[in-house]
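Q: Here it is: the structure, laid out below.
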Amino acid sequence: MDSHGTGSRAWQPYSPPSPSDQHLSHRISNISDITDYDTYSSPAETYNPPLRGRESLVSLPSSHDLRGNTYAQQNVSRSSSNVSGWSLPFAGYGGGGGGAYQPVDGGGGSHSQPPRNFGRGYSLRRNHGTIVEEDDGPRESIDMATLLPAAAPMGTSDAYAPLAKDDQNGFDGMPYDVTGFVGPATSQDEEFLKRRQQQEASGHLTGGLGSGFPSSGAVIKESDLLATNNTVDRSLTRSFTKRRPVGRRATIKALAQDEANKRGEVVEVIMEESEPMPSDVDLSLMVGPNPDDAYPGMRRSTLPVKHQRTEVFFPKPDWKPFSMRWPYLLMLIILSILLGGTQEVVYQVSTRNPLLTFKSPNDINPFNYFAFKFAPTLLSVSYGVLWQITDFEVKRLEAFYQLSKEGGALAAESINVDYITHFSFLRPFRAIYCKHYAVAVSSIASILAISLVPTLSAASISLQPDRDERQLHPEAEKFITINAVWSRFLTVLLFIIAFLGCILFWQLQTRRSGLLADVKGIAGLASMAVSAHILMDFKDMDVATHQDIHHKLKNHRYILKNSTLAPDDENPVSSQEQERYKENHLSKNPHPLMLTIWGFGPFILGIILFAGLIPAFLFTPVNALTDKAPGVVTAIAVCIKICWGGLDTSVRMMEPYYILSKRHAPATTLSLDYTAMPFALVPVKALSNRHMLVFFVGFGTVMTELLTVLVTSLATVEGRAFTSLLGASGSQGHPGGGGGGGSDASDSIEAGQETEVSFWITFALASFILAYMAAVAAVVFARRRHPFLPRQPNTIASVLAFIHQSKMLYDFVGTAGVGGAEMVRRLERAAPRGKTYGLGWFEGRDGQPHCGVDQEELMSSYKVGYDYAKSNRPWVEQPSEWL
């Protein structure tokens, strides 16, 4: 019988009218009561669960597609029924299949199961009715039979069931297979990995590497940008300079860049170009006048089309260490001026009256003795240390400043430049050649403060009368004055350093670093390199030398945007720049100079000679030379300190790689960077990490500063008087011993400014420090003299060549701008328990053997001169040579 007839007929589920017969303005919520776990049964078999507290359904997105009874025996179609080919496999879903969702096949009247929505609403829902949302238009009739299955019995009210904790977070506890994120966990693993290795070998990064710069961000129109920002933020130093007038385009770019810096996100600006000016050609001569034309612009020679284009501006962060910020730099400038002014005031006072007058060293109270004996040298050495801290940070971060400039920088000026291990006195010349003027200014100021200031400070203090006069009349009055020549040299030098500090202050405050956080160790560089395709530039550079890397990258330009290193292909290298950097300045030796016999030999010889020189000018007639020029001894001590600083820098730079070369190093080794620490904190950090060799070397660096103070105080001492007094006191206990010798020795001591106790303590400390330095240097040479790397890791390019094919880079995806302790925590969370790292030969992401740093297990350790790839599979890399 026809279902639309009026006679008696068998019961059939309600079928709603077609959309052509019923046009409703109501919006039916797309929160359906059909889930993957529901059974399609008749309305009589439905079950009404207690109501559960959820968000208002009015606030959720809705659709017009669902109408009628959801349990009717008809197809339920939805606009989102298309299923992606790569879906998340769920354990226990539909019989345990792990593949993508497939619709249920059935006969007529069966349902197509709707796809699951993996979001807020994939918790288990049962048979509650759909909710009708009404519009503001006229009310229309609707068949309420669609809501009858969900109706509750009259007179009853169910309590709201509390929402489970997992359900509140959008998760109902359904188990899922995590292998869906990294590939199938079946026999297809080998094919999957092989396909990914082929992609890596062909130059396509996988696993999230090379995802590029973030393109999403705020979108702003040019008119809105000009309306909300009418001034460009400028730094304090920039406000005092003369501002040149800028055009509209430059103003918009400056405002957009300031907006990106304020927001800390990418800003996309819609540039609105004005309409083209009308042509001077009158087209009415050809088409005739038409004053009633509705489109006057069509009478021009060009169509009045308003063009729009967009420009993307990345934020330029400006993280700096404290020693490069304006308070610290201002302190250095003020301190230099104060020291220079104080030196001149002290000299003027000493010209009228001696600074200190005494007959015997015992007449000087301890405070005055320390003030004149140790304080000047101690203050000058501390002043040099303060400048050394700033200079070290400027050298370390200069490459990132160059990369963050507009247009980036050449590889020879940025990722392939080394100022850390470069010889100190040649560093300013190299910086000027590369146009790194901040490094040049900082290096000159640091060299002057470290070497010349302590030397001139020691030479400017004079003890009168001279040595011969004091020896003839030991009980005569003695006084301390300031030497006019050396004092004026010192004053001028301090003001020159203050002027250099002002230049450095202006340079560092008028440019942004481009860094979000400190870049420490291998992890810091890895986090900056995973988002772009810079890693592909280091193909086949595993064991390349610095010269090979330079020749391959010298025509490349790189930029730093949003804490990401990337190649800059938009700005080609000019021919002049290509000719400028034909050769590099880096050493061909894979080991630092101070760890080789050519550096260690002269250094240890200098320590031994200086240790022998101290007794010579104390206990022999050679002391007449040091009495005339006490600054010579200080200058020698400063040279030894600078050489020890080179040894200290080499040990600190190589320590993380030495630990990795021993294999199975913890994740903290990747972020370990002793070169980024102030030298006074290095021994403390090394002792906490149980890196004892670094601790002893760092402690020696601290003691070299003390050595300069001690030997300066010994330069004007007559040591033979103290040995005579010591011998006389020893002979008093023997029969026949006289006391005349002791009296003469006492008179000789009175001729100087040292007491017996202070002399022997100073001499013993200086001798101990020199012996300590010689012993530690010998141990360092014995344990670190063998090369364990193909090249020194003293440039950004050298480090990136070690990790460009490492599988551990997958752990650094999304870590740009993360540094310090947060980087270590992320590595520990990302790595499974017991995951370690090493340096050697490993199988890269392309399936080929590579040399560098990667997660364990490695294929082999690195040995100098041994190529694991060619010795095991020569046909893979060089098939023609093998044949």
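Backbone N, Cα and C define each Cβ position, glycine as well.
From a predicted model like this one, the values you see are computed outputs, not experimental measurements.
Quick paste from TrEMBL:
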{"type": "REGION", "residues": "1-79", "note": "region 'Disordered'"}
{"type": "COMPBIAS", "residues": "27-45", "note": "compositional bias 'Polar residues'"}
{"type": "REGION", "residues": "190-213", "note": "region 'Disordered'"}
{"type": "TRANSMEM", "residues": "326-347", "note": "transmembrane segment"}
{"type": "TRANSMEM", "residues": "367-386", "note": "transmembrane segment"}
{"type": "TRANSMEM", "residues": "437-459", "note": "transmembrane segment"}
{"type": "TRANSMEM", "residues": "479-506", "note": "transmembrane segment"}
{"type": "TRANSMEM", "residues": "595-617", "note": "transmembrane segment"}
{"type": "TRANSMEM", "residues": "693-715", "note": "transmembrane segment"}
{"type": "REGION", "residues": "728-748", "note": "region 'Disordered'"}
{"type": "COMPBIAS", "residues": "733-743", "note": "compositional bias 'Gly residues'"}
{"type": "TRANSMEM", "residues": "757-782", "note": "transmembrane segment"}
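I would like each feature placed in context: is it buried or exposed, what are its neighbours, and how far apart are things?
A: Using a Cβ-Cβ cut-off under 8 Å and counting only residues 6 or more beyond its ends in the same chain, the transmembrane segment (326-347) has close neighbours at 236, 355, 379, 383, 386-387, 390, 460, 482, 484, 487-488, 490-495, 497-498, 501-502, 504-505, 508-509.
Residues 237, 326, 329-330, 332-333, 336-337, 339-340, 343-344, 346-347, 350-351, 354-358, 372, 387, 390, 394, 438, 441-442, 444-445, 448-449, 452-453, 456-457, 459-464, 631, 753 of the same chain sit 6 or more residues outside the transmembrane segment (479-506) yet have a Cβ under 8 Å from a Cβ within it.
The list of residues near the transmembrane segment (595-617) in space but at least 6 beyond its ends in sequence, with Cβ under 8 angstroms from a Cβ of it, reads 589, 623, 625-626, 633, 636-637, 639-640, 643-644, 646-647, 650-651, 654, 711, 714-715, 719, 763, 766-767, 770-771, 773-774, 777-778, 780-781, 784-785.
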Q: Determine which residues of the chain contact the transmembrane segment (437-459) at the Cβ level, with the cut-off under 8 Å and only residues 6 or more beyond its ends counted.
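A: Tertiary neighbours of the transmembrane segment (437-459) are 376-377, 379-381, 383-384, 386-388, 390-391, 394-395, 398, 401, 419, 424-425, 427-428, 431, 483, 486, 489-490, 493-494, 496-497, 500-501, 503-504, 507-508, 629-631, 633-635, 638-639, 641-642, 708, 712, 715.
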Q: Same chain, outside the transmembrane segment (757-782) by at least 6, Cβ under 8 Å from its Cβ: which residues?
A: 369, 373, 595, 597, 600, 603-604, 607-608, 610-611, 614, 618, 640, 644, 647, 651, 693, 696-697, 700, 703-704, 706-707, 710-711, 713-714, 717, 719, 722
